[in-house]
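Q: Not my notes, these are from TrEMBL:
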- 54-483: domain 'Major facilitator superfamily (MFS) profile' (DOMAIN)
- 52-77: transmembrane segment (TRANSMEM)
- 89-108: transmembrane segment (TRANSMEM)
- 120-137: transmembrane segment (TRANSMEM)
- 149-170: transmembrane segment (TRANSMEM)
- 177-200: transmembrane segment (TRANSMEM)
- 212-238: transmembrane segment (TRANSMEM)
- 280-304: transmembrane segment (TRANSMEM)
- 324-343: transmembrane segment (TRANSMEM)
- 364-383: transmembrane segment (TRANSMEM)
- 395-416: transmembrane segment (TRANSMEM)
- 428-451: transmembrane segment (TRANSMEM)
- 457-479: transmembrane segment (TRANSMEM)
Amino acid sequence: MKYHLITQSPHLINQRAPQVEKQAEEKDPNLVEWNGSDDPGNPMNWPHWWKWTVTITLGMMTFCITFASSVFSTATVVTAEKFGVSTEVMTLGTSLFVLGFAFGPIVWGPLSELYGRKYPLFFGFFVFAIFQIPVAVAQNLQTIMICRFFGGFFGSAPLAIVGGALADFWDPIDRGIAVCIFAGATFIGPVAGPIVGGFITMSHLGWRWTEYITAIMGFFFGTIGFLIVPETFAPVLLQRRAKKIRYETRNWAVHSKHDENQVDMRYIVRKYILRPFAMIVLEPILLLVTLYMAVVYGILYLFFESYPIAFQETRGWNEGVGALPFLSITVGVVIGGALITWTTKTRFARKLEKHGKVIPEERLIPMIIGGFLFPAGMFWFAWTSSPNISPWPQIVSGVPIGAGILMIFLQGLNYIIDVYMMNANSAIAANTLLRSFAGAGFPLFAVAMYHTLGVDWATSLLAFIAVALFPVPILFYIYGSRIRKLSRYSPSA
């Protein structure tokens with residue numbers, strides 16, 4: 001028999017080959033998949049109004065989390081006096097919350113792949129809301145610091161999950177606009193925190209109500225979100241459909257692809273811990289873009305310490321009015337989001353329609369524009385900071401700063417996703433870890449740096465760092481396609 005197989009004619013082998021291929025291609029009759037491209041159960045087929053309802057709800061939840069990260073910053077001076085420590089020590093109240101953002105995705109990312117988006121998202125969100133209450137009633141420093149860290153850890157669930165949830169039900173063009181809402185909430189939230197917190201702290205309510213109001217927001221948006229937001233992760237939805245069919249038909253062989261996946265601790269460690277570190281070391285695109293985003297993210301959180309110095313200490317404004325200049329950054333974030341939406345709907349959409357796909361480097365054009373606006377705004381802020389100059393020029397400088405922050409951050413994130421595709425979760429895990437470290441670390445040296453160098457030179461130093469990183473998106477816009485071909489983790493390699 002063995003000899004016969006070896007000596008068969010090539011013609012006979014060629015006749016059998018299509019039969020073997022046909023058998024391999026035959027679908028498993030017990031495998032549950034979508035019933036065609038128009039299956040109403042597929043989140044991609046939801047009506048637009050429902051997609052936007054879910055998107056805006058997720059955006060409000062994200063806003064609540066990022067608002068919580070910075071609202072405590074306005075209570076730094078008051079709480080430092082109450083607990084008898086320096087303002088630098090109380091800055092840890094903000095830094096530890098952001099540090100929680102670094103470690104949370106290691107848990108929430110795998111859970112969202114195992115159990116879907118909804119339950120890990122809302123479990124983390126409600127526990128985040130609960131941790132605001134111990135901070136509000138705290139009688140010692142340790143309670144504040146520990147609960148702020150765990151508030152950030154559990155609050156990072158939306159930051160880790162919402163981006164993936166949006167990709168579950170939006171096509172590439174509309175997803176770019178939907179992600180603008182998510183990114184806008186990521187930056188408008190921390191900017192709004194000091195504004196609201198400033199007026200609360202100086203009012204009869206006192207600093208504790210910065211945490212009470214956050215808890216109220218958390219329970220409110222969490223309840224609304226739980227009632228509105230359905231499961232969006234297709235593998236889990238198909239798994240549930242398969243389970244329902246099994247019980248209806250008593251056919252225990254019915255299953256989904258998700259039932260075949262064996263996600264164990266080894267898989268989680270490899271994908272969310274080992275692979276992110278390997279990628280950040282071996283992938284120049286991920287390393288440099290993450291470094292750029294980390295610096296921008298760190299400077300944003302540094303502003304929550306430097307703006308009070310510029311407007312309250314230097315110009316003599318109170319906590320409430322002194323936080324109002326943050327509104328200009330909010331305006332800039334909105335303008336940046338509008339510019340990205342416009343480029344997505346025009347240039348990006350035309351290229352996608354013409355070629356059927358768009359190279360990842362197209363995402364970098366708005367990032368380059370943002371890379372110019374960001375340091376320009378900081379230089380503007382620095383050299384209009386004298387109390388002898390009208391405050392309006394310094395206030396308005398926040399507009400290009402805000403636009404630059406959003407355009408760098410959002411397009412950097414989109415570029416990483418487009419480059420690494422199926423490895424994007426690991427890439428984003430590395431990105432989130434490093435930028436959260438920056439967001440936690442930068443505020444710690446802000447007060448000392450600004451008191452030593454002054455508002456003008458301290459802000460200029462940050463602007464020079466941003467200028468040094470400006471060539472990063474230009475480098476990848478020109479050479480990105482060549483670099484991707486050498487990558488071990490990019491599908492275009």
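Glycine is treated like the rest: Cβ placed from N, Cα and C.
Note: TrEMBL annotation is automatic and uncurated.
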Q: Same chain, outside the transmembrane segment (395-416) by at least 6, Cβ under 8 Å from its Cβ: which residues?
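A: Apart from its flanks, the transmembrane segment (395-416) reaches 163, 176, 179-180, 183-184, 186-187, 191, 285-286, 289-290, 292-293, 296-297, 300, 325-337, 339-340, 360-361, 363-364, 366-367, 369-378, 380-381, 384, 424, 427-428, 431, 473, 476.
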Q: For the domain 'Major facilitator superfamily (MFS) profile' (54-483), what's the mean pLDDT in this predicted model?
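A: When the pLDDT values over the domain 'Major facilitator superfamily (MFS) profile' (54-483) are averaged, the result is 91.
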Q: Under 8 Å, at least three CB pairs between the transmembrane segment (52-77) and the transmembrane segment (324-343) (pairs 6 or more apart)?
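A: Between the transmembrane segment (324-343) and the transmembrane segment (52-77), which are separate recorded stretches, there is no contact, as judged by 3 or more close Cβ pairs.
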Q: Are the transmembrane segment (120-137) and the transmembrane segment (212-238) close enough that 3 or more Cβ pairs fall under 8 Å, when only pairs 6 or more apart in sequence count?
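A: Checked: the transmembrane segment (212-238) vs the transmembrane segment (120-137), in contact.
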Q: By Cβ distance under 8 Å, which residues at least 6 away from the ends of the transmembrane segment (428-451) in the same chain are close to it?
A: 73, 87-88, 91-92, 94-96, 98-99, 101-103, 105-106, 109, 159-160, 163, 272, 276-277, 279-280, 286, 289-291, 293-295, 297-302, 304-306, 309-310, 413, 416-417, 458, 461
